[in-house]
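Look at TrEMBL and you will find 57-333 tagged as domain 'G-protein coupled receptors family 1 profile'. Feature annotation from TrEMBL assigns region 'Disordered' to 378-398. Annotation source TrEMBL lists transmembrane segment at 44-65, 77-100, 120-141, 162-182, 212-233, 272-292.
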Amino acid sequence: MSSLLSNHLNNSTATYHITTSSNLSWNSSQDGFLPPQAHYGKTVAVPAIMFCVGVVGNLAALLILTFKPSKDSRSTAFYHLVKALAIMDLFGIVASSPVTMVVYAQGGVLKTGGMPLCDYFSFILVMAGNATVFIVLVMGIERFLVTEFPFQYSKLVTPFTVNMSIAVVWLSSVLIAILPIVGMGRNVERYPNTWCFFDDRGTDVGGQLLSYFYAIIGLLSIAITIVLNLIVIQHLWRMRRSRLSTSIKLKDSSPEATRKRFHYRLDSETRMVIFLMAIIVVFTVCYAPWMFRILVNQKYNTGPSKVPETEDYIDMWALRLASLNQILDPWVYIISRVTCCSSRKLSDRSYTSEIKKKTNASPVQQLLIRNEHVDNDTLSLTQQPPDQPKATNLDRLV
């Protein structure tokens, strides 16, 4: 009897077990499997640092958006979308990171607050992640519209449509996040027992549908955002080449201030291209790995068979990489926006200076000055039809 009991205890250390809270976990020290508790003290610094940097960064971004924008930019679509992004990122960090640090100290999500805390944790991660992805997608659509459909932009993008877009983003994110709680799949504690997410390794139909739906929607949103931003970059690059050609032709005939304005616009277009490329890289690098991990888990790591610790470790860092996007997001967009605003102010000052000299300019120079002012503002990426003498706030990118 004692021999059977001994064998049972030895084998149980390598057994895949289900806790009373339906938590899936491994508890083995054989074949490369280490107790998750062994990692608590070693990695708590990571979420703590990410929390501090994320809160400071997003608060700074909101302060910049509130107090630094130019007078006519507070009602633009871009302003509202960036502010919504910063608020969502800040909410996701504040609502999840402190819980993570408490869980590290207590030794696990289920041990700290049971299944209700696990459901809460998963809900926040899914909702905040989806909201960020969807808002960035909406921003890509807005930039595409202002670039490719400048005449229709003011009719398509209004304060109402912008607010409705933000509301739809929040609502859809909440609905997706609540699915595991209402029975489509389930939330489980994840390695190293310090966070929860829906079970992307489950074999039930509801869990499989949720996993594929979440990952495919996320990857499609990323792909569409990349395509839209590349179109905007291509448009900006064509405008840069056109202005460069015009600048060369006008080198001898245009006034000095006009030539400086041309060169400044060329530099601004270059900076905008760099910023859009940074958006693509940061967004893709942060979120795509997590979406792919969900697909990999559902395809290869389902069922009660042993999963190497490295798979759990990769999942943990893929999620942290996705969370890093919430820290980097505000700075990419805010720096881009501040640069654009600075460019417009300098451009306006240059034009005012030219107007003062206009009476002494030759007829050809007067025509050049007048035509340049009527030309599109490169960074606002919008044109006005003849019957609209002045752009509205929502007709500008920034």
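Here the Cβ of each residue, glycine as well, is placed from N, Cα and C on the backbone.
The average pLDDT the prediction assigns to the domain 'G-protein coupled receptors family 1 profile' (57-333) is 83. Most Cβ pairs under 8 Å with the transmembrane segment (212-233) belong to 120-141, among the candidate stretches 77-100, 120-141, 162-182.
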